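Engineer: Quick one: this structure, given as structure tokens, is what I'll be asking you about.
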Amino acid sequence: MAPVNADIVNGSKVTSPVKKTLPEVEDNGKRYSYEMLVETANFLLSKTDVRPVIGVICGSGMGSYWNEGSLAENISQPECIAYEDIPNFPISTVEGHHGKLVFGYISDVPVVAMQGRFHYYEGYPLWKCCLPVRVMKLLGVKALIATNAAGGLNPNYKIGDLMIVRDHINMMGFAGNNPLHGPNDERFGPRFPPMNKAYNYEFRKVAKEVAKELNIDNMVREGVYTCLGGPNFETVAELNMLKMLGVDAVGMSTVHEVITARHCDMSVFALSLITNECVTSYDHDAEANHEEVLDVGRMRQDILRDYVSKLVNRFVKYLPQNP
Ligand SMILES: O=P(O)(O)O[C@@H]1C[C@H](O)[C@@H](CO)O1
Ligand SMILES: Nc1nc2[nH]cnc2c(=O)[nH]1
């Protein structure tokens with residue numbers, strides 16, 4: 001047996017890249033009330049004059065890391081608020097991830113973008129990962145655009161493709177892990193919300209039209225996304241099971257955000273960037289890795305920025321009007 005690495009055992013010379021002080025993510029079962037989130041929303045409204053109608057969640061490689069050309073970095077008249085300065089907000093713990101809300105304008109539409117999202121694998125319960133979605137609702141946001149990086153399971157998908165999410169399979173929910181688990185506050189939405197129209201039909205239709213206009217329809221697909229808890233990537237057997245279930249792309253986010261958004265009656269559009277091919281054979285040498293995810297994000301950031309900017313401009317006419 002190989003000798004134990006004494007440097008690690010005695011802890012004196014550890015060179016691990018892990019941050020020395022890990023952030024606190026435990027919530028000790030404490031839930032945040034409607035009133036606490038109103039306080040958070042009022043704080044944000046007091047810091048900016050922007051009154052966002054569309055919320056954007058930037059996935060890995062789409063502005064959640066420092067990418068100058070990304071969508072998040074190209075919001076006009078930006079006003080940024082760090083998560084750590086926002087009352088009741090979690091903080092981003094993913095190494096290299098930004099953690100800020102960006103208020104401003106995309107195609108002249110007032111928006112708020114999350115530059116860095118919260119993942120279950122960071123240690124946050126699902127309801128806390130989705131807390132910003134409820135805050136967006138209280139800010140007046142009517143539609144959510146959630147983007148993510150995902151592994152392509154559909155054999156026709158290529159690295160760098162974009163997948164409009166038609167539907168999802170809530171794998172974590174099958175095991176009872178749901179962002180709506182626990183007491184329901186009707187001020188957000190009903191106890192038993194439907195999910196069969198989770199991804200807005202008009203938005204998906206417009207997204208396909210815009211893909212044609214931008215001449216990127218050859219790389220834009222439409223399919224089913226699933227979220228697993230992560231942080232490990234999947235085994236060959238797991239991926240083959242998901243394939244049988246009809247999953248086209250696999251990631252670690254979005255599903256719970258979409259459930260939370262639909263619960264409070266926001267319209268939803270979601271887009272996956274296919275960053276890697278899911279390995280469904282034991283003969284295949286490739287291994288999924290986060291660097292590849294980021295590299296493909298960088299490679300596609302200009303296209304994503306232009307695509308999502310145009311979508312924001314077109315979605316605006318489908319937003320529900322105030323009574
Ligand atoms: O935030 P998203 O869903 O884009 O991030 C995916 C899932 C993991 O955080 C990461 C894996 O590389 O990409
Ligand atoms: N679960 C999962 N998340 C990803 N995010 C980017 N690629 C992948 C993948 O292959 N699997």
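Here, residue 1 is simply the first one shown, and the rest follow in order.
Backbone N, Cα and C atoms are what each Cβ position is placed from, and that goes for glycine too.
Automated prediction, rather than curation, is the source of TrEMBL annotations.
TrEMBL lists Ser60, His97, Arg117, Phe118, His119, Ala149, Ser253 with the feature phosphate binding site. As annotated by TrEMBL, purine D-ribonucleoside binding site applies to Glu234, Asn276. Annotation comment: TrEMBL describes 54-312 as domain 'Nucleoside phosphorylase'.
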Engineer: Taking ligand 2 as the reference and 6 angstroms as the Cβ limit (strictly under), which binding-site residues among Ser60, His97, Arg117, Phe118, His119, Ser253 are close?
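Structural biologist: What lies within reach of ligand 2, judged by Cβ under 6 Å, is none of the binding-site residues.
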Engineer: Looking only at Ser60, Ser253, Asn276, the binding-site residues on record, which one has the least crowded Cβ, with the fewest other Cβ atoms within 10 Å?
Structural biologist: Asn276
Engineer: Express the distance between the Cα positions of Arg117 (phosphate binding site) and Glu234 (purine D-ribonucleoside binding site) as a whole number of Å.
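Structural biologist: Arg117 (phosphate binding site) to Glu234 (purine D-ribonucleoside binding site), Cα-Cα distance: 21 Å.
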Engineer: So if I take the binding-site residues (Arg117, Phe118, Glu234) and measure from each Cβ to the nearest atom of ligand 1, which come out below 6 Å?
Structural biologist: Arg117
Engineer: Determine the Cβ neighbour count for His97 (phosphate binding site): the number of other Cβ atoms within 10 Å of its Cβ.
Structural biologist: 20
Engineer: Rounded to an integer, what is the Cα-Cα distance in Å between Ala149 (phosphate binding site) and Glu234 (purine D-ribonucleoside binding site)?
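Structural biologist: For Ala149 (phosphate binding site) versus Glu234 (purine D-ribonucleoside binding site), the Cα atoms are 15 Å apart.
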Engineer: Roughly where does the domain 'Nucleoside phosphorylase' (54-312) sit in mean pLDDT, to the nearest integer?
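Structural biologist: It averages 94.
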Engineer: By CA distance, which of the binding-site residues (Ser60, His97, Phe118, His119, Ser253) lies nearest to Asn276 (purine D-ribonucleoside binding site)?
Structural biologist: Ser60
Engineer: Work out how many Å separate Phe118 (phosphate binding site) and Glu234 (purine D-ribonucleoside binding site) at their Cα atoms, rounded off.
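Structural biologist: Just about 20 Å between their Cα atoms.
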Engineer: Over all shown protein chains, what is the count of other CB atoms within 10 A of the CB belonging to His119 (phosphate binding site)?
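Structural biologist: Cβ-Cβ neighbours of His119 (phosphate binding site) within 10 Å number 22.
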Engineer: What residues, ordered by sequence, lie under 8 A Cβ-to-Cβ from Glu234 (purine D-ribonucleoside binding site) and sit at least six positions away in the same chain?
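Structural biologist: In sequence order, the residues whose Cβ lies under 8 Å from that of Glu234 (purine D-ribonucleoside binding site) (at least 6 apart) are Gly151, Leu228, Leu242, Val250, Cys278, Ala288.
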Engineer: Work through the binding-site residues one by one (Arg117, Phe118, Ala149) and point out the residue whose CB has the fewest other CB atoms within 10 angstroms.
Structural biologist: Ala149
Engineer: What three-state secondary structure does DSSP assign to Asn276 (purine D-ribonucleoside binding site)?
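Structural biologist: Note: Asn276 (purine D-ribonucleoside binding site) is in a strand by DSSP.
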